[in-house]
Amino acid sequence: MNAPERLSWHGIRAAIIDLDGTMIHTAPDFHVAVNRMRADLALGPLHIDTITHFVGKGTENLMRRVLAVDYGPEDVELHFPVALASYQRHYLSINGDYSTLYPGVREGLQALQAKGLRLACVTNKPIAFALPLLDKTGLRPFFEIVYGGDSLPRKKPDPLPLLTVCRDFSLAPGQVVAIGDSSNDAEAARAAGCRVLNVPYGYNHGESIHHVDSDGIVPTLLDAAQLISA
Ligand SMILES: O=C(O)COP(=O)(O)O
Ligand SMILES: [Mg+2]
């Protein structure tokens, strides 16, 4: 990894872009919604970094992790349904209010489109959260396809969402690049046979992205577009 210039990017026809930690800095939304849920359950607030480290494997996993700070496995399951309902309500009520677009995102998507690449967004965020957020940030029109973490039977790091996009676009996985901030994106891409680029600024479970097996690390989506267009 980390030597993207040695690979040929000719023949890449589509890009699958991750959402949380790649296009949008959503950690502050997660922070607010999780702590409102915790207040409903009479639990104390968690630091934003603690919550951010639990982001990446979808809402159910996030709920179990933030409950496990206080509860053992049996009590986590006991409180899970109420916590999930509370969290969903709070998240939807603030979705995007505390989030910001990362630098180079809009420019990168424009550059990828100008190069003729088709674009899909594949996120582990529930689709009911992802679509309003893409609308609010003005990113939705860039994407022909959006799959959330609950759109298909399995989510990243399973290759199914990426393979589904390849099929939707009638492209071979080798013609498609996934771009994301975490090991979930890289593992899904490797398993699907897609190329993968990582961005270093997102949420990789609190771990360095440099330990993840990818085809390179790009500072921004615009750098990814320039690499693929080169
Ligand atoms: O919501 C999550 O768990 C992570 O979502 P992502 O796949 O867009 O990074
Ligand atoms: Mg992500």
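Positions of Cβ are set from backbone N, Cα and C atoms, glycine also.
For the Mg(2+) site, TrEMBL records Asp18, Asp20, and the single candidate of Asp150, Asp158, Asp168, Asp181 listed with them is Asp181. The Cβ neighbour count for Asp20 (Mg(2+) binding site), using a 10 Å radius and every protein chain shown, is 26. Sequence-distant neighbours of Asp18 (Mg(2+) binding site): residues of the same chain at least 6 apart with a C-beta under 8 Å from its C-beta are Cys121, Val122, Thr123, Ala178, Ile179, Gly180, Asp181, Ser182, Asp185, Gly202. Other than Asp18, Asp20, Asp181, the residues of this chain whose Cβ falls within 8 Å of the Cβ centroid of the Mg(2+) site are, in sequence order, Leu19, Gly21, Thr22, Met23, Gly56, Thr123, Gly180, Ser182, Asp185, Val199, Gly202, Tyr203.
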